[in-house]
Amino acid sequence: MENNNSTVVKEFILLGLTQSRNIQLLVFVLVLIFYFIILPGNFLIILTIRTDPGLTAPLYFFLGNLAFLDASYSFIVAPRMLVDFLSEKKVISYRGCITQLFFLHFLGGGEGLLLVVMAFDRYIAICRPLHYSTVMNPRACYALLLALWLGGFVHSIIQVALILRLPFCGPNRLDNFFCDVPQVIKLACTDTFVVELLMVFNSGLMTLLCFLGLLASYAVILCRVHGSSSEGKNKAVSTCTTHIIVIFLMFGPGIFIYTRPFRAFPADKVVSLFHTVIFPLLNPVIYTLRNQEVKASMKRLFNQHIA
């Protein structure tokens, strides 16, 4: 694929998660089982929130969007990874690689910003309850949703624009099971030091700042709740604890991958597997299992369909 930036590589060879056929088969079976059990659960969450008139609060609006983002995110890497487990030669085209990378960071960036919005929602609900209905009105919720989608797009398009300017003229073996910034950059036929710094700033610093900001905001909320004697204290603590768990699942692997120089570590592939396949499917389920209203609504929906 030759163009003005001297790119001649037409495809990348993915080295995969592991070279052991036994481990590949084991991971294939586990991921496939996990995928077909948890993914329908995410769509059930979306259906429940959309159909139950009692789940119209902003918290459930954003939870439904989280389930949608995570379900979409899981389609970027997992299906191709499962197919590649059964293939002798794991190949992805240059354009396919760039497309995968774009959607990976588009949806990943949007989800990170969604968790920030959800933290803001909980802060207003717990610390400014009298202003909640005014601040978090439907128009504001849709505006925040649009902003996080736009933020994810800007974040991702910056990554793609930087990579498209790099020349790829020789090596094409990616030491991973999908296309991501650290591995792709290392194959460029030029000095990538400046580009790596820009990538770390765009992905790593943003991830770290969001993570620290979210932890600080929930610390303030929990301190406020701890000093309260209201009846909803336990529910608020449970909700915030759930959010914090998801924050660690979402941002922990991202910080590990993107906030350091792009050097390979033995744990990279395992962390990437959880970051791109396992955790995105688990996040909405974790929220649901700790939310009594959503669980009760899902039971009613299930009973209606089997009655």
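Placed from the backbone N, Cα and C atoms, the Cβ positions cover glycine too.
Annotation comment: TrEMBL describes 41-287 as domain 'G-protein coupled receptors family 1 profile'.
As annotated by TrEMBL, transmembrane segment applies to 23-47 (among others).
Positions annotated as transmembrane segment by TrEMBL: 59-78 (among others).
The transmembrane segment feature in TrEMBL is assigned to 98-120 (among others). Residues 59, 62-63, 65-66, 69-70, 72-73, 76-77, 80, 92, 144-145, 147-149, 151-153, 155-157, 159-160, 163-164, 178-181, 184, 203, 206-207, 210, 213-214, 217-218, 243, 246-247, 250-251, 254, 276, 280 of the same chain lie 6+ residues outside the transmembrane segment (98-120) yet bring a C-beta within less than 8 angstroms of a C-beta in it.
Counting only same-chain residues 6+ beyond the ends of the transmembrane segment (141-164), those with a CB under 8 A from a CB of the stretch are 5, 58, 61-62, 65, 98, 101-114, 116-117, 120, 181, 184-185, 195, 198-199, 202-203, 206. Look at TrEMBL and you will find 141-164 (among others) tagged as transmembrane segment.
For the transmembrane segment (205-225), the list of distant contacts is 109, 112-113, 115-116, 119-120, 122-123, 126-127, 155, 233, 236-237, 240, 243-244, 247, 251, 254-255, 258-259: same-chain residues at least six beyond its ends, Cβ to Cβ under 8 Å. According to TrEMBL, the transmembrane segment annotation covers 205-225 (among others).
TrEMBL lists 237-258 (among others) with the feature transmembrane segment.
Residues or ranges marked as transmembrane segment by TrEMBL: 270-289 (among others).
The transmembrane segment (23-47) and the transmembrane segment (270-289) are in contact, since at least 3 Cβ pairs between them lie under 8 Å (pairs 6 or more apart in sequence). Here the domain 'G-protein coupled receptors family 1 profile' (41-287) returns a mean pLDDT of 87 for the predicted model.
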